[in-house]
Amino acid sequence: LDQSSRYADLSLDEDTLIRNGKHVLVAYIMKPKAGYDYLATAAHFAAESSTGTNVNVCTTDDFTKSVDALVYYIDPDNEEMKIAYPTLLFDRNITDGRGMMCSFLTLAIGNNQGMGDVEYGKIYDFYLPPAFLRLYDGPSVNVEDMWRILGRGTTNGGLVVGTIIKPKLGLQPKPFGEACYSFWQGGDFIKNDEPQGNQVFCQMNECIPEVVKAMRACVKETGSSKLFSANITADDPEEMIARGKYIMSQFGPLSENCAFLVDGYVAGGTAVTCCRRNFPKQFLHYHRAGHGSVTSPQTQRGYTAFVHTKISRVIGASGIHVGTMSFGKMEGDASDKNIAYMLQDDEADGPYYRQEWQGMKETTPIISGGMNALRLPAFFENLGHSNVILTAGGGSFGHKDGPKIGAISCRQGEEAWKQWKAGQFGNISLSDGVIEYAKTHEEIKGAFLTFQKDADQIYPGWKEKLGYTGESSVQAASFDWAKRASAAAFVGASVAPAKKENVVARQALDQSSRYADLSLDEDTLIRNGKHVLVAYIMKPKAGYDYLATAAHFAAESSTGTNVNVCTTDDFTKSVDALVYYIDPDNEEMKIAYPTLLFDRNITDGRGMMCSFLTLAIGNNQGMGDVEYGKIYDFYLPPAFLRLYDGPSVNVEDMWRILGRGTTNGGLVVGTIIKPKLGLQPKPFGEACYSFWQGGDFIKNDEPQGNQVFCQMNECIPEVVKAMRACVKETGSSKLFSANITADDPEEMIARGKYIMSQFGPLSENCAFLVDGYVAGGTAVTCCRRNFPKQFLHYHRAGHGSVTSPQTQRGYTAFVHTKISRVIGASGIHVGTMSFGKMEGDASDKNIAYMLQDDEADGPYYRQEWQGMKETTPIISGGMNALRLPAFFENLGHSNVILTAGGGSFGHKDGPKIGAISCRQGEEAWKQWKAGQFGNISLSDGVIEYAKTHEEIKGAFLTFQKDADQIYPGWKEKLGYTGESSVQAASFDWAKRASAAAFVGASVAPAKKENVVARQALDQSSRYADLSLDEDTLIRNGKHVLVAYIMKPKAGYDYLATAAHFAAESSTGTNVNVCTTDDFTKSVDALVYYIDPDNEEMKIAYPTLLFDRNITDGRGMMCSFLTLAIGNNQGMGDVEYGKIYDFYLPPAFLRLYDGPSVNVEDMWRILGRGTTNGGLVVGTIIKPKLGLQPKPFGEACYSFWQGGDFIKNDEPQGNQVFCQMNECIPEVVKAMRACVKETGSSKLFSANITADDPEEMIARGKYIMSQFGPLSENCAFLVDGYVAGGTAVTCCRRNFPKQFLHYHRAGHGSVTSPQTQRGYTAFVHTKISRVIGASGIHVGTMSFGKMEGDASDKNIAYMLQDDEADGPYYRQEWQGMKETTPIISGGMNALRLPAFFENLGHSKVILTAGGGSFGHKDGPKIGAISCRQGEEAWKQWKAGQFGNISLSDGVIEYAKTHEEIKGAFLTFQKDADQIYPGWKEKLGYTGESSVQAASFDWAKRA
C-alpha cells in the first residue's frame, strides 16, 4: 500500500515538533529501490518503524494512529528523510520507568533495515526532547573525576596521557604488570585493550594483582595517582558483575582509580547499562570496537559514527573512543571534532539537529589509533582543546627510549601546543613551534627521532632545525625484562630468558612475515582443533598490497601493533592470528585465531561471544588501509564450541506443549499482534483471544513491552486470560512470546519473573523475546541463564545495518544467525528467503540448515555441532497462506515457526480464519508433496486443495496480488469472478464483547466518538470547572488540592493551558482516544481556580488517581509527585509551573506513615521529659571530609564533653580514608567515655545513604551492631533529596525505632526562588513530614549563612503543629507526629537568641559546626556557649533583665558566663552586627579578632 496518507505529514513544522517535545526526531539518508516513489517508500519506512503493517488489519483503532511515526520532511534529490516518532511509542523499564536505548534502536533501525523497497537507509542524526532525554541516566562519572583523582581540579584538567599495553594480546600476567609499571613511571592511564580480560594464558585472577602491585609502587615512587581501565565485558551480565566485584576487591582503596571497560558495540547497550547501574562510581570506558561494521562511510545502513557516539552519552558512557579525526591511523576526518562537541558540550549542533543536554554529564572523547607526541599538537589545534583521554600504544611503548619517556613525550606534545597557542614562540607555524619546544625537551625530541615518517610529513625540515644528521630510522628501546627485575618487589616480576630479542625497526612494517603463513593447511588446522577459522571478503585500499594488508588485518585482530613495541616476547607470538589463505582476485582472506586468544568467564570458564566478535570484527573495521572487510563464515573447533551453552529449549519443546511429539511437528502457526504498537491492554488481550481461536503462537513485536499506554502489569494479565479461555475452548495449548528486552539486565530479570508469576502453571507456554541485535548478546545470555527453561526468542531487528548485502562490513546474515545458535537462542528470525517482503534469497535456506542440522556446510566451512541443540528458524515479513507452500518446498520441510501478522489479521474473515488458512498452506504443500493431486505443479496443487477449504480460499480472495503472482489463472480455476480486492474483516471491539468473560473486555458506550483531528485541543471543557468551591472540596475529602504559580508561554490562553496542565497531570492525552469512558472522566484532575494576573492556579486531584502499594495499600509520595510535577514540567505551552502548597484530605493523609520517632524521643534519652525539652545542641564534625577514624572519634569525644548531638555530614559514610568499619567503633568508644564522664546521654546521627537500598540496610544493621545497647542513641541520616523519597522510606520501614534524620542537600536545585519549576522549600519540608522524616534541615530563616527569610518560620510551624497554615491551605495533621526542624549553616551562640525570638520557641535541633569547633576555647566550650544562647533568650523572655532589648539582655547574661562571652570574642563580626556597643558593655579592649583554639590531637588523647 501507499501509506503516505497515514504515515507522512509534510505540513509538520520541525521547530513546532521540537517545542512540543512529544516526538523523537530522526534524520536519515534513504534511497528507495529503482521504480519506487520516494514519499511512498518513506511512509512505508515510517510504518515499518512504528505501527504499520503491509496490509490493513482489523485491529487498528484511533489510538493506534495517534502513535504513528510520521515522515515530516523529504528531499529526494539529496536522499534526505526525517521521521518524527511519538515518545509514547518507546518501551520503558517496568522497574523504574526509565528509557531504553534498545527500544529506540529497535524502532529507528529495526525492521526497516531489511525492507524490500529500500535500497538503503542510515541514521545521520537524531533529536531527543527534554522530557524524553531525562528518562535516560547519562554518565555518572567522567573525565572530571579522573582529573580530580590526578590532582588537577575538575575543569580544564587537560590531556590524560594513557596507553594500551602492547601487544594487545600475548603478554602473561607478570610481564603485563611490568609493562604497567614501566609506563606509569611517566603516564597517567592504562587500559586493557578491547579483547583482553581472562584469557587462559593471562587469567584475571593472576593479572589484576600484578596491575595493583604496579600501581601501588608507581603511586609511591612518583607521588602521582595512576588510573587503570579493566575490561569486564562478557556475554553474561552476571559474569560482568562478578568481574567488576573481583577487580574492586583487588584494588580496594584504589578502586576509584579503576575504570571498567565495556566493548559496547559487540556486547550491546545492555552490557553498558549493566556496568553503569552495578558500578555507578566507576568510569565507564565504552570501547566501540566493531562499530565500523555499521558506521563506516562505505555503507549506507545503520547509523553513522556521530550517531553511535551520541547514543553513548545518552546511555551513560563516561568516555568513548572517537577515532583520531584524520590525525591517526584510523578512518576519520578533521570535521569529526563535531562528535567531540556533541559528547562534551551542553548544547551542540549535529548534522541536522541541535541537542540540548540539559546538564547531563559529558562523555569524554578517548583518542587512539596511531597517535604519538608528534601527531597530538595538530589534533588539539583542530579540536580547540586538549580535554581528552589518550590511549597511545605505539606512541609510548614504541618510543625509542621506552614507555616512560614515550608517555612524557605525549604530555610534552600537549604542552608544546599550549605554549605555541599562548604565543610564546612568536608568530610562527604550529609545526615550527613544536620544533622550538623540542629543542629543550629531550623526550619529545626523541619522538622525532623515533617516528621519523610522521616527522617528515608534519614537520618539514625538522632534521635541519633540530640539528639531526643521523640515520633515517632509529630503533625502539629494548624493554629488557631482566633489567626490569629491579621492579620485582613491586610487580612480582620474573626475569625473562636472556636470549630474547625484540629490538626491531620502527617504521610502518609489512607484517606478513609474522602474521601470515600461507603454507598452513586448512584441513590440518581443523584436525588440530586449536584455532577458530574465519573467512572474510576483504579489499585493501588503492595502492596497498593484499598480503601485507591481510597481515595487518590479522595483527590488528590479535597481538599486533602499528610499530614494534618493547614488550613482545616469544609467548606473545605463539598466540598471533595468522592469515593462512588469500585470493586477491576474489577478495577472499582466511585467518586462523588461536583459541587461547579468546576471553573466558571468570565464574565458570565458559566462552564469550563478545570476545570472538571483538577480535574478528573489532578494530579491523576502521583500518586506514582496508576498504572493507566482512565475515562470510567461521568455524569453531569441537573443544572450543563446547565452551558455549547453545540452546536449552527449542521448537521440540513447543511441539511437545502443542501435543505433537518432539520430531517433525511441523509449522507452528503464529502471529504478531497488529498494529505492533498502539493497542491498549484490553484490545491487545482481545486480539490474542481472536487469533488463538485458530492459531498456536503469538509474539510481542520487538518494540512492545511496557509502554505507558500498554503497561506490562495490565497487558500480561489480559494475555493470560485470553490464553486460558482459548485453551479451554479449543482444547489445544497456546504459546506466547513476551518481550523482556531492556537496557538493564536487572530490569530484564524483573520482567521475566513478573511474567512467569502471571502465567503460573502456564509458564512453559510462555517464551521470552529478546531484541538480540539492538540489546546485544549480553541480553541474550542474561535471558538464557536466568530463564533456562523458557524458549528464547531472538529477534534480530536492526541486523540489516550490518548484514545487508549492500555493505561489505561486519558479517553476513548467515554469520549472524550461526552466532545465535552458539550463544543459545531457541529460535531466531531468518527472513523469508525471497518468499516474503524482506530482503533475501532462496539460497538462504542454508541459514536454516546451519541452525537445525547437526552438521552443515556454510559458504566456506563445514560445522559439526556435536549434538548442540538446534535453533529454530522463525519466519515473518509479508507471509501468508499463499506464500507458504513455495517456501516449504524451497526449504524442504515445514519445521519452522511462523509469525504472520498480516497473514492472519489481514485475512478478510479475521485472525482466526487467517491462522487456519496458514495451517492449510502447510497441509496443501504436504498433500501435493505426497502426490495426492497427481502430477501437477505446486501452484495447481494448492488451488486444488483450496477448492475444498474455505479458509485458504479466503486467502486467495484477500491477498489477490500474491495470488496473481504465484498462482496464475487462480480466478478461473476457483471460479472467482468478483472484485479485484477484498477488505479485511472489521475487528469490531464491541462485537468482541462475547470474549468479555475471558479477557475482561467491556463494551464501549455507543455514544463514544473517538475519531478526531490530530491537533492540540482546548481541554478546558473537561479539565476545568471554576464553579467548584474550595471549602466544599475540602469538606468532601475526595481530592488532593495543589496550588501552583503557573505561566503559559506567549500566545497561549491561561485557562486552556491550565486545563492542559491538569490533563497532562492526570488522564489526558493530546488527542481524544477510543478508550475514554465515564469512569476515566471521574478521575480527571480539575482546575478549580485561576488568577492569571498573579499567575495562580489551583488543581483538584481525585485521591483515586494516586498509586498505592501492592503490599499494604499505603500511599506513595512518588505517585503524588509524578502527577503533580511530572510530565507537566516539560510541556510545550507552559513557561513554568511550581507547587507553592498542597492539601491532603484526612482519609488520604492516613495512608502515609508519618514520623515514627522525633525530638520527643531525643529529649527522653537526654533526660528532659517529652515536652518542651528545648534545644538539642549538636554539631557537624569539621572538616566534613578528611578526618581519619581516630581523629574523627577524638573530635566526637571533645564535642560531647559539652554538647548533645553529632551528625555525620551528608557526604560522610564510608570513604576509603575513613571506612565505616574503622570509624564507627571509634565513635562508639567516644560516646561511651563521654556518657560515663559527663553523666549525660549523647546522640549520634550516622549517614546510611546509598544508591542501593540493600546497601542502606546493610549499613544500618552494621551500625546498630556496633552501638549495641546504645542503639537508641543513634539516628540514621539519609540524604533525602539526592537519594530520593525511596531512600527515606527504606530507612523508616527497616529501622522504625531510629530517629530518621532527613538531610536536604541539593534541594535548592528545585526549591530556590530563582526558579519557577518543581516546588518550593515549604512544599519540600511539608512532604518530609508526610513521608516520615523525624527531623529535617530547614535553613536558618535569615539568621545564618543560608538563603532564607524570617517568614520561613511557617515551615517550622507546618512541621511541628497539629494544624498549620501554608501559603494557600490550612493542613490538619490529625495527630500525625511532628517532624523536628534542624538548623545549621553559620549558627553560633550569638545568632541563636534572635532566631528563637523569631520562631517563638527553641524546640529545634542545632548542628553548628563552626559555632562549636570554631570557638576560641574549643568545641566543648563552643557547645556550652550555644546552650547558654538559649538560656539567655529564655531569661530575657521571662523579664529577668528588665525592660531592655534582646541584644542587651544577652550581653547582661554574658557578663556572668564565660563561655558565651568567649563567643563574643571569637565571632566578633557577628557581635558587631547583632550587639552594637558590646565591647564597651563587656569591657573588652583587646584585638579585633581572636583565633580559634588550636585543636591539638595529641593533647586530646
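Each Cβ is built from the backbone N, Cα and C atoms, and glycine gets one as well.
The substrate binding site annotation in Swiss-Prot covers N111, K168, R288, H321, S368, N619, K676, R796, H829, S876, N1127, K1184, R1304, H1337, S1384. DSSP assigns S1384 (substrate binding site) to coil in the three-state reduction, placing it in neither a helix nor a strand.
Marked as active site, proton acceptor by Swiss-Prot: K166 (among others). Mapped onto three states, the DSSP output places K166 (active site, proton acceptor) in coil.
DSSP classifies E194 (Mg(2+) binding site) as coil under the three-state reduction. Annotated Mg(2+) binding site per Swiss-Prot: K191, D193, E194, K699, D701, E702, K1207, D1209, E1210, in sequence order, evidence recorded as sequence analysis.
As annotated by Swiss-Prot, N6-carboxylysine applies to K191 (among others). Taking all protein chains in view, 26 other C-beta atoms sit within 10 angstroms of the C-beta of K191 (Mg(2+) binding site).
DSSP assigns H287 (active site, proton acceptor) to a strand segment in the three-state reduction. Positions annotated as active site, proton acceptor by Swiss-Prot: H287 (among others).
Annotation source Swiss-Prot lists site 'Transition state stabilizer' at K329 (among others).
As annotated by Swiss-Prot, active site, proton acceptor applies to K674 (among others), with the evidence given as similarity to another entry.
Under a cutoff of 8 A between CB atoms, and with a sequence separation of 6+ in the same chain, the neighbours of K699 (N6-carboxylysine) are G670, T671, I672, F736, S737, A767, L769, H793, T899. Positions annotated as N6-carboxylysine by Swiss-Prot: K699 (among others).
Summarising the annotation, Swiss-Prot assigns active site, proton acceptor to H795 (among others) and lists similarity to another entry as the type of evidence. Following the DSSP three-state reduction, the secondary structure of H795 (active site, proton acceptor) is strand.
Here Swiss-Prot flags K837 (among others) as site 'Transition state stabilizer'.
What Swiss-Prot lists as active site, proton acceptor is K1182 (among others), and the listing cites similarity to another entry.
Neighbour density for K1207 (Mg(2+) binding site): within 10 A of its CB lie 26 other CB atoms from the protein chains shown. Taken from Swiss-Prot, the feature N6-carboxylysine applies to K1207 (among others), supported by sequence analysis.
DSSP assigns H1303 (active site, proton acceptor) to a strand. Annotated active site, proton acceptor per Swiss-Prot: H1303 (among others), in sequence order, evidence recorded as similarity to another entry.
Taken from Swiss-Prot, the feature site 'Transition state stabilizer' covers K1345 (among others).
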Nearest to H287 (active site, proton acceptor) by Cα, among K166, K191, E194, S1384 (recorded positions)?
E194
Give the helix, strand or coil assignment DSSP yields for D701 (Mg(2+) binding site).
coil
Nonlocal neighbours by CB distance (under 8 Å) for R1304 (substrate binding site), same chain, sequence gap 6 or more:
G1280, Y1281, H1324, T1325, S1328, I1336, H1337
Which one is it: of the recorded positions R288, H1303, S1384, whose Cα lies the shortest distance from the Cα of D701 (Mg(2+) binding site)?
R288
Between K1207 (Mg(2+) binding site) and H1303 (active site, proton acceptor), how many Å separate their Cα atoms?
10
Structural state of H829 (substrate binding site), classified by DSSP into three states:
strand
Can you give me the Cα-Cα distance between N111 (substrate binding site) and H795 (active site, proton acceptor) in Å, rounded to a whole number?
10
Going by DSSP, is N111 (substrate binding site) sitting in a helix, a strand, or coil?
helix
C-alpha spacing of S368 (substrate binding site) relative to E194 (Mg(2+) binding site), in angstrom:
12
Cα-Cα, whole number of Å: S1384 (substrate binding site) versus K191 (Mg(2+) binding site)?
45
Going by Cα-Cα distance, which of the recorded positions (K166, K191, H1303) sits nearest to H795 (active site, proton acceptor)?
K191
Across all protein chains in the structure, which of the recorded positions R288, H795 has the highest Cβ count within 10 Å?
H795
